[in-house]
Structures are given as C-alpha cells and as structure tokens.
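Noted in TrEMBL for the protein shown:
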type	residues	note
TRANSMEM	17-41	transmembrane segment
TRANSMEM	47-65	transmembrane segment
TRANSMEM	77-101	transmembrane segment
TRANSMEM	107-128	transmembrane segment
TRANSMEM	149-166	transmembrane segment
TRANSMEM	172-191	transmembrane segment
TRANSMEM	203-224	transmembrane segment
TRANSMEM	275-293	transmembrane segment
TRANSMEM	300-319	transmembrane segment
TRANSMEM	355-388	transmembrane segment
REGION	402-443	region 'Disordered'
COMPBIAS	411-443	compositional bias 'Low complexity'
Amino acid sequence: MHLLNPFQMNDWDNRRFFWVFQAFQVAFIGVVCLDLVGYHIPIAREVLAFLYITFLPGILVLKALRLHDLGAIETTLYSAGLSLVVLMLTGLATNFIYPLLGYTRPFSFEALFPTLIAVVQVLLYLALTRDRGYAGSGTVAPAIPPAPAVPFLILLPFLAIIGTYVRNEYHMVTYLFLLLILIALVGLAVGFDRFIPASCYPLAVYSIALALLYHTSLISGYIWGYDIHHELHLVNSVLGPGLWDMTIPYNTNGMLSVVALVPIYSLITGLDPVWVFKIIYPLLFALVPLGLYRAVEKQTNARIAFLSTFFFVAFFTFYTEMISLARQQIAEIFLALTILVMIDKSMDRGRRAFLLVTFGFAIIVSHYGLAYIYLFSLIPAWLLLVFVEHLRPEYERDFRGRQAPRRTTCSSGGIPSPGRESGRSSSPTSSCSRSSPFSGTRR
C-alpha cells in the first residue's frame, strides 16, 4: 500500500481530492475557532494556517488549469507561487470593495478570514468543474525518498532553531558552528557521491537554505537590517486602522508583498508581524534555491544542479542581507518560477503564457527594482531568440554539408581500386574520381 503524496495533490482523483481537502479545511477552521474561544493548541493554528493559505489556493489553480504530472518539486513551487498571488489579489480586492460596502476595516480578522474561505471555495468549485474528467495519475512517487540521509537532512533546520535559542538565552554559538560544519559536510558528500543519493538532493537544498536563513533570522526577538524596519512600519500602518492607505508617498507602500501579504499572514496565523518576517518569510524564500536547483537540473544533471545551488546559498548575501529585504524575498520567488516556466517544455503555449503573465505581474507588485531588471532582461533575451531562430536553418545546412561523406563516381561503372597517392586507379578499364565537400581538387 502506497501513501498518497501530499506534494502532488492535483494528481489525485477528484473524489479523494475533495474529501481530503474538505477534511483539512474543517480541521483548520476548527482549530481557529477553538483558539478564538480560548482553547489554544500550541503551534496548531500557525501550522495549519500556513499550509492552508500557502499551498491550497495554488493547488486549486493548478487543477483548474488541468496541469498534472508536473512532479513534486514543480507542483510545490507552482502552488506556493500561485497561492501568494491569490493572497495578494484578495487583499487588494478587499481593500477596494469592503469600504464601498460600508465596512471600513477590510484588513481585520473578521473580514479576511471568511473572505479567504469563500475565495478558496470558489476556486475549489472551478477546479472540480474544469477538471471533472480527471481520474487520477497512475504514477505513485513517495513524498519523502527512502534513504538513510533523510532524517539527517531534516534535522538541519531544527538544529538551526536550537542553535539560535541557545545563542539568545546562553550566548553560546556551539550549535551554530556545528550546523555550519554539517552543511559543509553535505556539500562534500554530494561532491564525492557518498551517503546522499540524488533523490535526496531537493530535500538537501531546501533544508540547507532554510537552516542558513534561520541561523541568522532567529537571532534575537527583533528584526534587524535596514529596509525591513520601514516595511514593518508600513505593515503596522495597515494593521492599526485595518485599511491600506495608498496615499502614503513611498515606493514600498505600493508593494503588495509587504502591505497585503504580511497583514494576511499575521491575521490568519495569529503571529506578530515581526515573527512573520523572521519565521514565515524564510520558509518561503527557501523555495528560491529549490526552484533554481530544478531549473539547472533540467539543463545539466542533479549533481551539477546541487553544487550550483550550494554555491548560491553559500554567499553571505543570501542569509544576511536578504533577511532584511522582505519584499525582494517574495519577488525572487516569482523570478525563479518565471525561469522554471520558461524552460518547461511539457506545458502547452496557453498555460505557459498564463503562468508567465501571472508571475510577471506578481514581480511588479512585489519589488519595483526587480521588475525593471526583469523587463530589461526580457528584451535582449527575445532578440537573441529571434536571432537564433533565423540563423538556425542556415547553420544546419552548413553543418550537414561539412559532415557529408566523400562520394566516389566511376565513369565506366567498374569497381574502384585503391591506387596510389596520385589518385590513379590500378584498373585500366575504370576511371574513378572522388569528390569532397571541402575541396574540388584530388589528392
């Protein structure tokens, strides 16, 4: 008996998908209601709320698009990216619509919680209606690869959490040093092809990225850096009055990745915005190396993809400066997803265009600087593709001509003989000549 892979829910048959989805939703609503009446279950609301609003809306969008058999990595990445888009658009819509209906606090739990439940139910109806004929995938892949290295890799983020706790309480960095040594050993093990199989590389990439982010972000109970202080101020300016004031004259105030996404996570999970920045955003940003790993793997192989991603996360900018740039963390998720969609040849043109437009729009409303870079990089990329497409037939004809074999023709129909270096035949009854695509003269 095989357990169903939760990372590929859109590949389940519709009946099983519907009942599992509704069971999870009922559990989430029940835990939230218990928390509201005073029966708090430790971390239950936070975990269920994070999973519910981070993955389930995106899975429903994938199912509505009838995108199946993408694999666990692509399904996880696309569902997370699409869910973030749904959350930002929901926050934007409530900020416009509810004041028109007389409700002046759209960014409050009383408004957002039922709104998100309603949006998810609409997406569920669309998904099951458009994908009603899908009977489920015949392929069964384990959610976690059966390898001895799996517990060790899962331990890395928890070691980062323990290390930062010991650092904050007892001012000891022993566990953090041990974490860095273990991460370096993982890189060596993959480089020498020992202990960690290729099936564990995606888990290793995400665990290492998350551990590095947590070993920095969880130091102290306060945010630190530069832009993130201004972002926290804007988040509090939304949560205080319960309304996003679009007249505040700051570029950052127009970024939905800050003024919409953080308040939604804070209200639904019950976390303070500071801990949304310190816990939830690293969980999301760690998906960027996973997306880059998958993109490089499609072009090369698993080991090169892992080492390339390891090189990416080893830069101190990844786990230091990026912690203090919340909006850029979200924007880079969409940039990685855009790259992944571009090189995905399994999608048809319509679905690929929809995802590219969606993720491109999300980049624009997440970080203005990255949007400009993305736009200016598309123009030379498009020109290069057009240039290559026009020159490809000419290059192919030239290459085939250079690789054509030498042809031997005989005027008298006789069998050619080797002859001497001068090219004369040893048989007087046959006259043969050799033609070469490289030269018109004989040797």
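For all residues, glycine too, the Cβ spot is worked out from N, Cα and C.
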Most CB pairs under 8 Å with the transmembrane segment (300-319): which of 47-65, 149-166, 172-191, 203-224, 355-388? 203-224
Under a criterion of three or more Cβ pairs within a distance under 8 Å and sequence separation of at least 6, are the transmembrane segment (275-293) and the transmembrane segment (77-101) in contact? yes
Paired segments the transmembrane segment (107-128) and the transmembrane segment (149-166) in contact, 3+ CB pairs under 8 A: no
Given a Cβ distance threshold of under 8 angstroms, which distant residues of the chain, six or more beyond its ends, lie next to the transmembrane segment (203-224)? 144-145, 149-150, 153-154, 156-157, 159-161, 163-165, 167-168, 176, 179-180, 183, 186, 190, 196, 232, 274, 277-279, 282-283, 285-290, 293, 306, 309-310, 313, 318-320, 323-324
Cβ contacts the transmembrane segment (355-388)/the transmembrane segment (77-101), at least three under 8 Å, sequence gap 6 or more: yes
Tertiary contacts of the transmembrane segment (149-166), defined by C-beta under 8 angstroms and 6+ residue spacing from its ends, are 172-176, 178-179, 182-183, 186, 195-197, 200, 203-204, 207-208, 210-212, 214-215, 218-219
